[in-house]
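Enquirer: Take a look at this one; I'll ask things after.
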Amino acid sequence: MIRGAPAPMAEPPPVIFCHDSPKRVLVSVIRTTPATPPCSSVGEPEPPPPLVPTSPGFSDFMVYPWRWGENAHNVTLSPGAAGGVVSAGLPAATELPTLRGAPPSSASVAAVSGGEDEEEASSPDSGHLKDGIRRGRPRADTVRDLINEGEHSSSRIRCNICNRVFPREKSLQAHKRTHTGERPYLCDYPDCGKAFVQSGQLKTHQRLHTGEKPFVCSENGCLSRFTHANRHCPKHPYARLKREEPTDTLSKHQSTDNKAAAEWLAKYWEMREQRTPTLKGKLVQKADQEQQDPLEYLQSDEEDDEKSGAQRRLQEQRERLHGALALIELANLTGAPLRQ
């Protein structure tokens, strides 16, 4: 055979030739116009194949899932999308098929983790009530928006320092202490001296002195007890906590060598006994507030008066309605002489 002469084309070329790999064959099948690589003569080195074979509408990292990680830098994210929305050139990371034993790409991991963060940020457990009022401590990145919203709000429950508005007067009073640094609720346990912004924080803190653990794991047979309602059982992390009143053996007969501490404990349980009928009546009417929303329990001084808040909102709506009716009546009176 003469060097440089073209190969005879007497027979159609086979499907696999010139040491083609299965990967190259797959791309050749996808191509709309298959390209037949030329056979080289004896002794002449085979020209290297193109690094990334392409075809109309497809790219190499889409055809071969095991190369997604190599092309992660080619994936672009839409600006402003918190979860990482993948551009039109690549399907969403959660929709991409996975191969057994193939590690996930950095793009898919970023998209999935971003989606989880969004879901956690917008979850219903973040503190929404049936009446539509948000409860609990707001997220740090929303405080500035709340302040800007309060500057244009007609609510009378407004902080005179930062212009934030609140749905309840007690929430406003607790918020003002963040500006003044006031901590009016002092723990009187011997040698403690800690002070708190809300009374709910003081009550929760005093359980450390009394040894109370009123919250128990709801899993059958589990004896784990907790001081706070926002804890999770290490053995059953998905089980809810339920409240049980402390028994005599757990708390009331707690022994201590300190005489002052013993007197404080005796006084504490005496006051608890006096408040017991009132507390039981409240527990029958509604579930424990701290277990429903621990963050709001720590922020509020006492149990919020939902009825008075609803009446106040209703009164504001009536005032707006009366104002609108007065404007309509005034417009009718001024327009009557013109029509005559």
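Just so you know, glycine gets a Cβ as well, placed from its N, Cα and C.
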Enquirer: Out of 42-64, 65-87, 157-179, let me know the one Swiss-Prot marks zinc finger.
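Expert: Range annotated as zinc finger by Swiss-Prot: 157-179.
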Enquirer: For the compositional bias 'Basic and acidic residues' (307-317), what does DSSP give as the number of helix, strand and coil residues?
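Expert: Counting residues per DSSP class in the compositional bias 'Basic and acidic residues' (307-317), I get 11 helix, 0 strand, 0 coil.
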Enquirer: Can you give the mean pLDDT for the coiled coil (299-332), rounded to a whole number?
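Expert: Overall, the coiled coil (299-332) comes to a mean pLDDT of 73.
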